[in-house]
Amino acid sequence: RSNILAFNFAVICMAPNPNATMYEPDRYEFTEMEDTMITVAVAVAALATNIPIIFVVGRDGVRFMFTVLGIMSGAATLAIPAAVRSGLAWLLVCRCLQGVAFGAVFPAVGVFAAKWTYYKQVSRLPSDGAITVDTGLFVSVLVAYVQFAPVITSPISGVLCENTGWPSVFYFHGALTIVLFTLYALFYRNTPSKHPFVGEAESNKIDRGKSHVDKKTLRRIPYVAILRTTAVWAVWIGAVGNFATVELMFLYNPIYMKKVLKMSTTAVGIAAAIPPLFQFIVKLICGAISDRIKCVSELAKFRFFNSLAFLGCATCFTALAAIDASNPTVNLIVLLIGAAVLGCSTGGFYKAAPALSRQYSHFVTGCFSIVISSTMVAIPFVVDGIAPHCTQEEWRNVFAIIAGILVVTNSIFCIFIRGEPCEWTKDEWVEQHFAKSIE
């Protein structure tokens, strides 16, 4: 994620200075169409490879696939400065490689939620028979990369751009990526039972409450049953509202601050990191709180946290559409509140996905990659179409549209979501529909 965002920041400081009186070497500027192609290339590559990645992860596990794709992303990021100097085609190749790697992130999240989280405190509430599973904090930590990436990327990129030039942004992120994925390959295992640092007692505790159908049967995913489940579609539609907002915030916050609020490059680097940092903190807090609340059903918690996130953020965006850009401090405060409150979604659709799909979470949660990639394609066209000149009047319309999307997607989520694991996650259903055909 940081590798993808690095370009959106570096493009600001690689552009020629309009006030320069002398030739500036190693400066590049892209047309509006080229900029859109560079952004969309990541999403198109992720969309094209997401389903094959989900299939391979479900069959072979996530460790090898995620390691290879992560190192590939790091190598592609290291190559971007040379690609920029060589021409648009080479740059698009590097961005596509980043997109392929990005498509594996949510399948990896789904696998981890299914294999490594505890179902040790499963209980039935007498009110509605819903099952409570304490996965909120686990999911919050896993999906917090969406916010943590710009927290790292924005300030570091700002400092590197100002002091050592725009290529250093890509060299730093690419090298760090390769180091991190090497460590991941060394320490991660596909199941707790195979990890050298996890004892038998701990492994049995993690395995409690999980499906005990044989591995060959579990590799078969009930695609038709999943696609016929309205609650799963409610989760995916909730993801549309969330990721449309996140993509707008984190892809275009630096541009909005620079061109509308008229902030300096260094100030933009610092200010752009603050909203995702607060959202990161709120995500962790709400995930933990969602696990601790036992007095209401899981369904009620899904609806409450999702509504708090979506409607709270929509209110802030509506306010941003009305506040004058001449007061950047007020704009930043409202933007910060909107970003922070959206973090409450970890107790909503984020937690609902693995809770409903359990052993098939790598597919249901993995499809978030399709959603986020689709919004990565759509948002640039929306912003470029509505705010081509980046004026405050144009951005008011952008904020109003995203606020409307949040309200609509939250309403659909709250109406159709359910609070217990789906029927097709139960061992009896799996054995009835899959075991006999395998035999």
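Placed from the backbone N, Cα and C atoms, the Cβ positions cover glycine too.
Quick caveat, the model's predicted, so the values are computed rather than measured.
Marked as transmembrane segment by TrEMBL: 36-57, 64-84, 90-118, 130-148, 168-187, 225-246, 266-290, 302-323, 329-350, 362-383, 395-417.
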Contact call for the transmembrane segment (266-290) and the transmembrane segment (329-350): at least 3 Cβ pairs under 8 Å, seq gap 6+: yes
Maximum Cβ pairs under 8 Å to the transmembrane segment (362-383) - stretch from the list 36-57, 90-118, 225-246, 329-350: 36-57
Distal contacts, the transmembrane segment (329-350) - CB-CB under 8 A, six or more residues away: 136, 139-140, 143, 147, 234-235, 238-239, 242, 245-246, 249, 253, 257, 261, 271, 274-276, 278-287, 289-290, 301-310, 312-313, 315-317, 319-320, 323, 413, 417
Range from 64-84, 90-118, 168-187, 225-246, 395-417 with most C-beta pairs under 8 A to the transmembrane segment (36-57): 90-118
Two-stretch contact, the transmembrane segment (64-84) and the transmembrane segment (168-187), at least three Cβ pairs under 8 Å: yes
Beyond the flanks of the transmembrane segment (225-246) by at least 6 residues, Cβ under 8 Å: 146, 306, 309-310, 313, 317, 342, 345, 348-349, 352-353, 356-357, 360, 363-364, 367-368, 371-372, 374-375, 378-379, 402, 405-406, 408-410, 412-413, 415-418, 422-424, 433
